[in-house]
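Participant: Pasting the relevant annotations from Swiss-Prot:
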BINDING   K52, R55, Q93, R110  isopentenyl diphosphate binding site
BINDING   D100, D104  Mg(2+) 2 binding site
BINDING   D100, D104  Mg(2+) 1 binding site
BINDING   R109, K197, T198, Q237, K254, K263  dimethylallyl diphosphate binding site
Amino acid sequence: MASEKEIRRERFLNVFPKLVEELNASLLAYGMPKEACDWYAHSLNYNTPGGKLNRGLSVVDTYAILSNKTVEQLGQEEYEKVAILGWCIELLQAYFLVADDMMDKSITRRGQPCWYKVPEVGEIAINDAFMLEAAIYKLLKSHFRNEKYYIDITELFHEVTFQTELGQLMDLITAPEDKVDLSKFSLKKHSFIVTFKTAYYSFYLPVALAMYVAGITDEKDLKQARDVLIPLGEYFQIQDDYLDCFGTPEQIGKIGTDIQDNKCSWVINKALELASAEQRKTLDENYGKKDSVAEAKCKKIFNDLKIEQLYHEYEESIAKDLKAKISQVDESRGFKADVLTAFLNKVYKRSK
């Protein structure tokens, strides 16, 4: 018997083939040959639906809460409308990941070769990334151009895309994999990187899109959402950094590589804030080296500095702050605190 979660995921996935068909129809309308249409369909299917789909599903879940319905109570037309916006976020994610994997020279993504590593693809993946982004605006135009919020959601996608790219830029110039310089790291910089690179598109964007469709568009309400979701997104990334270093491969489903990859993670930044001169020297000499002995030296310092305990203290403190903020939410214009509680519950004390 499929769980409620699996049934919801299945319903969401069922919308995607129609979107691929629609995007391909626009290529045919331009008179593109079959091989170009097939290539685009392959790229869309390879890069978009393979992940956890959390961002896309969040649009649907949030809209349902704002509409006082369960997801199952949404009629098909109403459901598809918000699901398309969910898929637009998944296309944005696909666009970022195809490009990121090339910049990071990654080998696999979601258990299969990265797109640029697929035979025949190579550097064509750069253009494919652009085309994944372009798909967002084709879909917004064909499904939403007659809605009063069309310009708002289009501008929101542009704005959040630019914010994410700024976060990526900061990350790339702060922590290049081949040039370790811990003097460039700081908790303030880490906060900027994760807010821009992750929080806006993964946490704020899904909720803001659902709010526009539900007719909750007052700037005060968008701000209420932002004021919880941006710090929540930062907490989510700090948790990710913590799990990469302290989680087991069985628990997180991968081997943590942040230390060897010279990542500007919360763990190293917290350690740099607290390290003695001697510990700092050891970190300078060993962080970012593709070497398990060097990695173990860094981990020993993290343990000596009790980073794990400090993370748990941080987690309790941020969760308490966010719960307090959520309890103050003004629901008089139709926004609902439950939207934010649902997000916090997904993140708090997760272990993978």
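Quick reminder: no glycine exception, Cβ is built from N, Cα and C everywhere.
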Participant: Quick one: largest C-alpha distance among R109, K197, T198, Q237, K254, K263, binding dimethylallyl diphosphate per the record, in angstrom?
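Facilitator: The span, Cα to Cα at its widest, is 21 Å.
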Participant: What is the interatomic distance between the Cα atoms of R110 (isopentenyl diphosphate binding site) and K197 (dimethylallyl diphosphate binding site), given in whole Å?
Facilitator: 19
Participant: Rank aside, I only need the closest one: which of the binding-site residues K52, R55, Q93, D100, D104 has its C-alpha nearest to that of K254 (dimethylallyl diphosphate binding site)?
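Facilitator: Nearest in space to K254 (dimethylallyl diphosphate binding site), counting only the binding-site residues, is K52.
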Participant: Given the binding-site residues R55, D100, D104, tell me which ones have a C-alpha lying within 10 Å of the C-alpha of T198 (dimethylallyl diphosphate binding site).
Facilitator: none
Participant: The record lists K52, R55, Q93, R110 as binding isopentenyl diphosphate. What's the largest Cα to Cα distance among them, in Å, rounded to a whole number?
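Facilitator: Output for isopentenyl diphosphate binders K52, R55, Q93, R110: max Cα distance 16 Å.
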Participant: What does DSSP assign R110 (isopentenyl diphosphate binding site), in three states?
Facilitator: coil
Participant: Rank aside, I only need the closest one: which of the binding-site residues D104, Q237, K263 has its C-alpha nearest to that of R55 (isopentenyl diphosphate binding site)?
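Facilitator: Ranked by Cα distance from R55 (isopentenyl diphosphate binding site), first place goes to Q237.
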Participant: Residues with Cβ closer than 8 Å to the Cβ of K197 (dimethylallyl diphosphate binding site), same chain and 6+ apart in sequence?
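Facilitator: When sequence neighbours closer than 6 are ignored, K197 (dimethylallyl diphosphate binding site) has T164, G167, Q168, M170, D171 within Cβ distance under 8 Å.
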Participant: According to DSSP, which of helix, strand or coil covers Q93 (isopentenyl diphosphate binding site)?
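Facilitator: SS state of Q93 (isopentenyl diphosphate binding site) = helix.
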Participant: Hey, how far is R109 (dimethylallyl diphosphate binding site) from Q93 (isopentenyl diphosphate binding site), Cα to Cα, in Å?
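Facilitator: Computed Cα spacing between R109 (dimethylallyl diphosphate binding site) and Q93 (isopentenyl diphosphate binding site) is 13 Å.
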